[in-house]
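Take a look at the structure set out below.
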Amino acid sequence: MASSRQDYIAPWWTYWLHNFPHLNFNFQTVDNTFKPEDASYQQSLVFLACVSAVALGLCLLLLSVYLTCLCCCRREEDEEVKRPDTCCVTWAAVITGLVICSAVGVGFYGNSETNDGVYQLTYSIYNANHTLGGIGSMVGNSLGSMQVGLKEHLERLDEIFSPRGDYTQTLRFMQQMADNIIQQLTAMPETRKVQVDLAAIADRTAFIEYYRWLTYLLLLILDLVICLLACLALAKQSRWLLTVIMVCGMLTLIMSWASLGAGTATAVGTSDFCVSPDKYIVNQTKGTLSSDIVHYYLYCSQSLPNPFQQSLTIFQRSLTTMQIQVQGLLQFAVVVFPTAEKDLLGIQRLLNSSEFNLHQLTALLDCRSLHKDYLEALLGVCYDGVEGLLYLCLFSLLAACAFCALLCAVPRAWMLIAIRDRDYDDIDEEDPFNPTRRFNAYNPSRAQVHSFCSYSSSMGSQTSLQPPLQATSSTPEYMNQSMLFERNPRYENVPLIGSGSPPPSYSPSMRTTYLSMTDAQIRHFGTDFQV
């Protein structure tokens, strides 16, 4: 039936999803025709969602095995590796971050596309519901006018025209025309029940879509936050941040696989509908609407006759006949019975109102309006909606794989940071080769003896207040330094390089420099230095 449509063609991805294997819980093949009320068909969709659950279980199992092996092999690696190689962890973190960012971009696009498709669906349903409401309103108003208003006027006129048999005969003929109109309007399908069903479907769909969109939005934001926290944790080498990332990453991994299963099942079910939507609608309306009416609105072809054309024609002819009769009574009967003018004018206004309702009803019953809403709903669901679901499934798959890799890299990074901290804690403070010890020896803030040296020669005259480096040096080292400077008087007063020992003696220039110090400088450097 779907192949005969000239104005709607299901996209190729719906056929691809429609051909997915449909298996029940007994691993038996199920018909892929869209039948959401059928238990076997429901099991086939749940089975597709369970595939993601199985993948999640395998992923968690592999992570458990990896973490166990990592913990068991930790001691051996610590003994063999003096300086752990962080290249693999760094590249894994970089690639994982890029994949997560790409997945989030795909997810935002898919979430927006799905939301646009569902919005177009609900908008079309509300428009169709408004059209059906207008049809019901026009039919109801016309029935009320014929059954109540016209009947009252005819009863009063029958009393007034009782002396004249020809006039009463005209009134009976008008009553027959009104009965014909009532019969045709009553034969029209009841649209109130359909209207209520469409309104409920649209409201429920909009409610579900809002929370679906919000859930995916929060999941996308959570993925970005975890990615940023991972970068921050690796940059600051913070173990507690890595622990938080492990917990949040595990939760996000579970949610990613769950969203993949739900998205796959929804996309396959929607594609089953999109491949043959007419067949499903015909089956659903069976017993409520005739097949002629359903086909008329589903296809809206010029070759299909309007099923309401005969009723509308009888309605129009009956109104025209009644208007002619009323016009004749106004022309001839009012002269004899002046009191009948009021009721005749009332009937004329009622017939004019019914004719206006007839024109509106004819326009509303035309297939083009409802068929347009039907096509827009199909395009919204089967094009934007299913396409967005595919992008969301791709996002979930990429995010699940990326977080699986992240959960493998984070424990390794945590161990490398722990090894680094342990190595720093194991440094011997008394070790003469300790870089920290050598730094403290040359750190002016930790010196106890302050030295002041005056440099003069071709370099210029400069008074310098330099605290000495506290360290002891042997005589050979000092002599080696003297040989280094080749007994140049220019470097006579330079403190020994590489040693914390002061010069063996102080020159008069140094004493002069010290005596020229201000009180503030003396308070700053203390009284440790004595000349």
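In case you wondered, yes, glycine gets a Cβ from its N, Cα and C as well.
Judged by Swiss-Prot topology annotation, Q43 lies across the membrane from R412. Among the candidates N129, N480, the residue that Swiss-Prot annotates as N-linked glycosylation site is N129. Ranking 45-65, 214-234, 240-260 by CB pairs under 8 A with the transmembrane segment (88-108) puts 214-234 at the top. In the structure shown, across all protein chains, N129 is the one of the glycosylation sites N129, N283, N352 with the greatest number of other Cβ atoms within 10 Å.
Here N129 (N-linked glycosylation site) is positioned 20 angstrom away from N283 (N-linked glycosylation site), judged by their C-alpha atoms. Listed as Cβ neighbours of the transmembrane segment (45-65) (distance under 8 Å, sequence separation of 6 or more from its ends, same chain) are residues 20, 22-25, 253-254, 257-258, 260-262, 264-265, 268-269, 400, 404, 407-408.
Nonlocal intrachain contacts for the transmembrane segment (240-260), taken as residues 6+ away from its ends with a CB within less than 8 angstroms of a stretch CB, comprise 52-53, 55-56, 59, 216, 219, 222-223, 226, 229-230, 232-233, 392-393, 396-397, 399-400, 403-404, 406-407, 410-411, 413-414, 417. Packing against the topological domain 'Extracellular' (1-44) from elsewhere in the chain are residues 267-280, 282, 299, 375, 378-379, 382-383, 386-387, 390: each is 6 or more residues past its ends and has a CB under 8 Å from a CB in it.
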